[in-house]
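A short write-up of the structure that comes next.
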Amino acid sequence: MTTAFYPGSFDPITNGHVDVLVQALNVAEKVIVAIGIHPGKAPLFSFEERAELIRRSLAEALPGKTGDISVVAFDNLVVDAARTHGATLLIRGLRDGTDLDYEMQMAGMNRTMAPDIQTIFLPAGTASRPITATLVRQIAAMGGDVSAFVPAAVLQALTSKRPN
């Protein structure tokens, strides 16, 4: 069974992330969504909240297929975490050329450290190309409508985080 590792902060998961996950299930039988935990960062959502939002978003987007997806935390090198979970593929979403430049550097470094793990680039769909979790958080914090950019569960969670 081919297992893919999809690392990110997912703070919060966006429609772009969901798009990449749907594509990832076309190249791997199992996908591990890996939430990076960085002690120096203060995320909007806790690990537990992000994991639950991922599960709820995927249940909505992929009814009946969520058994092929698991959610874990990691705080070490991506390749080490992927190896720990038995993954042989790293999934990376690409929105534009800037993402490609950065991701090619990372893929090269990861390949040197872990030649047994291959990076797969999956292009974002047209509708999700402009979406970033950072922009979603900023727009939501200013009271903007982010419903076109995030799953319903995330929209509800963002709304509840916003002060009245």
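Even glycines carry a Cβ here, placed using N, Cα and C.
Since we're looking at a predicted model, the values are computed, not measured.
Listed features, source Swiss-Prot:
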- S9, F10, H17, G93, L94, R95, E103, S128, R129, P130, I131, T132, A133, T134: ATP binding site (BINDING)
- S9, K41, V78, R92: substrate binding site (BINDING)
- H17: site 'Transition state stabilizer' (SITE)
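Features per Swiss-Prot, on structure.
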{"residue": "S9", "record": "ATP binding site", "DSSP (3 states)": "coil"}
{"residue": "H17", "record": "ATP binding site", "DSSP (3 states)": "helix"}
{"residue": "K41", "record": "substrate binding site", "DSSP (3 states)": "coil"}
{"residue": "V78", "record": "substrate binding site", "DSSP (3 states)": "helix"}
{"residue": "R92", "record": "substrate binding site", "DSSP (3 states)": "strand"}
{"residue": "E103", "record": "ATP binding site", "DSSP (3 states)": "helix"}
{"residue": "R129", "record": "ATP binding site", "DSSP (3 states)": "coil"}
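Here the binding-site residues are H17, K41, R92, R129, and the one ringed by the most other CB atoms within 10 angstroms is H17. Residue environment of L94 (ATP binding site) contains 17 other Cβ atoms, counted within 10 Å of its Cβ in all protein chains. For the pair V78 (substrate binding site) and A133 (ATP binding site), the C-alpha distance works out to 20 angstrom. In terms of C-alpha distance, the listed binding-site residues S9, E103, R129, I131, A133 place E103 closest to R92 (substrate binding site).
There are 17 other CB atoms within 10 A of the CB of S9 (ATP binding site), with all protein chains counted.
The Cβ of A133 (ATP binding site) has S9, F10, D11, P12, I13, T14, H17 as same-chain neighbours under 8 Å, each 6 or more residues away in sequence. Most Cβ neighbours within 10 Å, among the binding-site residues V78, I131: V78 holds that distinction in the structure as shown. Around E103 (ATP binding site), the same-chain residues at least 6 positions away in sequence with a Cβ under 8 Å from its Cβ are R92, L94, T119, F121. Residues S9, K41, V78, R92, recorded as contacting substrate, have a largest CA-CA distance of 21 Å. The two recorded residues, I131 (ATP binding site) and K41 (substrate binding site), have Cα atoms 21 Å apart.
Looking at R129 (ATP binding site) and K41 (substrate binding site), their Cα atoms lie 25 Å from each other.
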